[in-house]
Amino acid sequence: MGKDKLRRFAEIETFANVYQLEQGKALKGNWASAHFKNANPIVLELACGKGEYSVNLARLFPEKNFIGVDYKGNRIWRGAKTAIEDGIDNVAFLRIQIENILDYFNEGEIDEIWITFPDPQPQDSREKKRLTFPAFLDRYKLVLKPGGYVNLKTDNDQLYAYTCEKVAELNLPVHKNTDHLYTSDLVDEVLSIKTYYEKKYLLHDKNINYIQFSFE
Ligand SMILES: C[S@@+](CC[C@H](N)C(=O)[O-])C[C@H]1O[C@@H](n2cnc3c(N)ncnc32)[C@H](O)[C@@H]1O
């Protein structure tokens, strides 16, 4: 492993805004009171990588709390470090497998979910790993407050089509969707936040897909 990665792994151990694996379980049901010290709504960013959505949404909405979730500690390091350096205290990071999300959040603890450029897992044999596979949707439904939104942004047309298909099969309400975000009239200050991966795809003129849905 590279020196930089090792340094980052050691450093996030000391960050007050990062919880890793077992450590995060103590926060289940207590994120608002134990970490954020307020009763503000909590928004999750799943597959957050370097946490651009979490950090930038936290800047835009100081009256909400944000938690970036990913299992790659060296990526989480970037978002957590920026939050510390810029004094943004309404954002935290959780390093876990998203499969285990129910061990970290109580039913109804979360107000909204963002899934930003998740790995598309195109092979049929990997369908269960897609973050919009129905077993993941079941977990999101549990942790979300009734009516809470799920937002997916992806460059991957196949994953977008798959997600639209699952959402339709489950009869879930769709609030917004587009397969060409930046030529649509949906773009606003939230949807124009660009992640590390999104910037790479846009350099190659890739269309960006977006869907917002809920469970009721
Ligand atoms: C393509 S990257 C996107 C990162 C970031 N959202 C962006 O747009 O720059 C996908 C991220 O999803 C994370 N990831 C994929 N499956 C995961 C899982 N089951 N649990 C936790 N993280 C996962 C990976 O570690 C990776 O950082």
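From the backbone N, Cα and C atoms, a Cβ is placed for every residue, glycine too.
Site annotation for substrate in TrEMBL covers THR195, TYR196, TYR197, GLU198, and the matching candidate from ASP155, ASP157, ASP179 is ASP155. With ASP70, ASP119 listed by TrEMBL as binding S-adenosyl-L-methionine, the candidate from GLU22, GLU45, GLU165, GLU169 annotated for that site turns out to be GLU45.
In sequence order, ALA47, LYS129 are the residues of the chain that are 6 or more apart from ASP119 (S-adenosyl-L-methionine binding site) and have a CB within less than 8 Å of its CB. The Cβ of GLU45 (S-adenosyl-L-methionine binding site) has GLY51, TYR53, SER54, LEU57, PHE66, ILE67, GLY68, VAL69, ILE113, TRP114, ILE115, THR116 as same-chain neighbours under 8 Å, each 6 or more residues away in sequence. Listed in sequence order, the binding-site residues among ASP70, ASP155, THR195 whose CB lies under 6 angstroms from an atom of ligand 1 come out as ASP70, THR195.
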